[in-house]
Structures are given as C-alpha cells and as structure tokens.
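J.: So that we are looking at the same thing, I have put the structure below in structure tokens.
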C-alpha cells in the first residue's frame, strides 16, 4: 500500500479489501459505517448495520455525535464530544479512517463524517468510493452483529474555517463575498416539492445555486471524475477560483459539494451547518425564494 493512497479522499473497494488482509500497525485502518436516513424513510441505520456490514467496521451515529443543545438536527458537536465519540469507536491519531454508508445512491451521508473528521483536525480520512452498494456489487466479504471496538485516545480541535453560521450567510446576502451551492433536489430548492421535515417549506437562500448531490455521482454510485465535476461546476456557473460555501437541508448532503470541490483541488469549502432548516426557521419572508408558498410570517 503506497502511503499517499492513505490520504486520498476516495479509496476503492478493492483497496479496502486488500488493506484488511494486510493490516499495518503503524497506521491502523478503521472502517466506519456512517449510514443515516431522513426519519420519514423509516430505515433504522443501526439495525441495518447489525444485519450486514464490512468486516471490522463500527457504526458512526451522526445524530448521537452532534450538539444536543441545538434546536437543529445533528449540528456539529464540540471538540471534546467528538474526540470522546471517535475514540470510543477505536480511532486514534494514527488511524486511517475509511467511511462509507449503505444508501441506494452509493454515498449519501458518509461525506458528512469525512468532513467532520477534517474539521476536527484528522486528515487521514477517506471515503469508500461507491459505498456499501459497490462493496456488495464486488462480492466482497460482509459480517453481521454488533461491533466491538477497542477504545483509543483521540484528540480534536475544531478549525472554524470549516463552518459558516446563519449570521455569515445573512451578511453575505449584501456583501456577496462567497458563492453558495445548495445540494438539495431541484424541486426542494425551487419550492415546488415538499421538504421532508414538518413545519419547513421548500425554497432557497437568495443568490444560491443548486447542484443536487446526486449530480456528483455516476449511475453506478461512484464519484464522478475531477474533470466531470469541474465541468459540472462550470455549467452551474460556480467559479472554483473564488470562495464557495455548501448548504443543503441539514448539513449532510452539502458535504458532497465539499467533496466535489476537494477532488478538483479546492480544499477550503466550508459548510453552512444549520443549512435550510435553520435558514427557514430564522429568515425573514423576503429571504425565502420559492415558487411555492414561501414564508408568510
């Protein structure tokens, strides 16, 4: 295994399978299943993990590893909370973390956890290209049952440049210091299809650009090539040479925008963590752009 491979954003299923056969004590590999689904889908990610997962993987619960004092879903936890949680899963400073999920798309929620590790200073982290779907398609080994990780010491320090707040986005409406890319489906962005959360109407932040996260993926669920992703950004009139911020419904699929830019050589894209849910709940009606009901009060 060549060392540079360990720091790539994406690793292949075959690479992971080979790495599991030949573990390295100097840089242990830890697989994390970061599956997460919108509540209305009725899927239990942890139960599905216990039914089948990649051998040696642990389950990373995005909702558990979050700020439970926030009124918004799975906002980033503080550094101590993240360090304790990651350590409980067996992640140390020396660990190469590889993250995947079990979504039908290939990758859905895993890029959120990839972004979280980087935000807290752990850059030896990769995503399994194509996710568990691709692993299964390759007929690679699977396990079942609960995971049992040996706890490890892990320290974390949040890099604030990875996050944008509601105040940052509000100020940018006039200042226009950065572009905003929204990864939700087109109908939710336009205001013509419902949001999956009760009490939240669809629409978008003024001046934002829509690139649904699925547009970063091939039909097989693999990540598109950097050349294809650069072309996608260009088609959407997003300038990768200028500041860019990612948003979505609640900060999960926004991380596909971060990943796409990263693969194109732009590693400085932050996430608006509260995303559309926070924006809708806090914004004035004139700051909700929608072809639907919008916001009346």
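Heads up, the Cβ atoms here are built off N, Cα and C, so glycines get one too.
Reproduced below are the annotations present in Swiss-Prot:
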ACT_SITE  248  active site, cysteine persulfide intermediate
BINDING   188  substrate binding site
DOMAIN    25-144  domain 'Rhodanese 1'
DOMAIN    174-288  domain 'Rhodanese 2'
MOD_RES   2  N-acetylalanine
MOD_RES   35  phosphoserine
MOD_RES   40  N6-succinyllysine
MOD_RES   40  N6-acetyllysine
MOD_RES   146  N6-succinyllysine
MOD_RES   164  N6-succinyllysine
REGION    145-160  region 'Hinge'
J.: If you measure residue 35 (phosphoserine) to residue 146 (N6-succinyllysine) at Cα, how many Å is it?
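T.: Rounded to a whole number, the Cα-Cα distance is 15 Å.
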J.: When you tally the Cβ atoms that lie within 10 Å of each candidate's Cβ, which of the recorded positions (40, 164, 188) has the highest tally?
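T.: Counting Cβ neighbours within 10 Å, the top one is 188.
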J.: Counting only residues 6+ apart in the same chain, whose Cβ is under 8 Å from the Cβ of residue 146 (N6-succinyllysine)?
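T.: Correct list: 50.
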J.: Among 40, 164, 248, these being the recorded positions, pick the one whose CA is nearest to that of residue 188 (substrate binding site).
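T.: Of the recorded positions 40, 164, 248, 248 has its Cα closest to that of residue 188 (substrate binding site).
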J.: Any idea what DSSP makes of residue 146 (N6-succinyllysine), helix, strand or coil?
T.: coil
J.: C-alpha of residue 40 (N6-succinyllysine) to C-alpha of the residue listed as 'active site, cysteine persulfide intermediate': distance in Å?
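T.: For residue 40 (N6-succinyllysine) versus the residue listed as 'active site, cysteine persulfide intermediate', the Cα atoms are 17 Å apart.
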J.: Non-local Cβ contacts of residue 248 (active site, cysteine persulfide intermediate) (under 8 Å, 6 or more apart, same chain)?
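T.: Expected: 182, 183, 184, 213, 254, 275, 276.
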J.: Please list the DSSP helix, strand and coil residue counts for the domain 'Rhodanese 2' (174-288).
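T.: Split into helix, strand and coil, the domain 'Rhodanese 2' (174-288) gives 42 helix, 15 strand, 58 coil.
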J.: Would you identify the secondary structure of the residue listed as 'phosphoserine' according to DSSP, in three states?
T.: coil
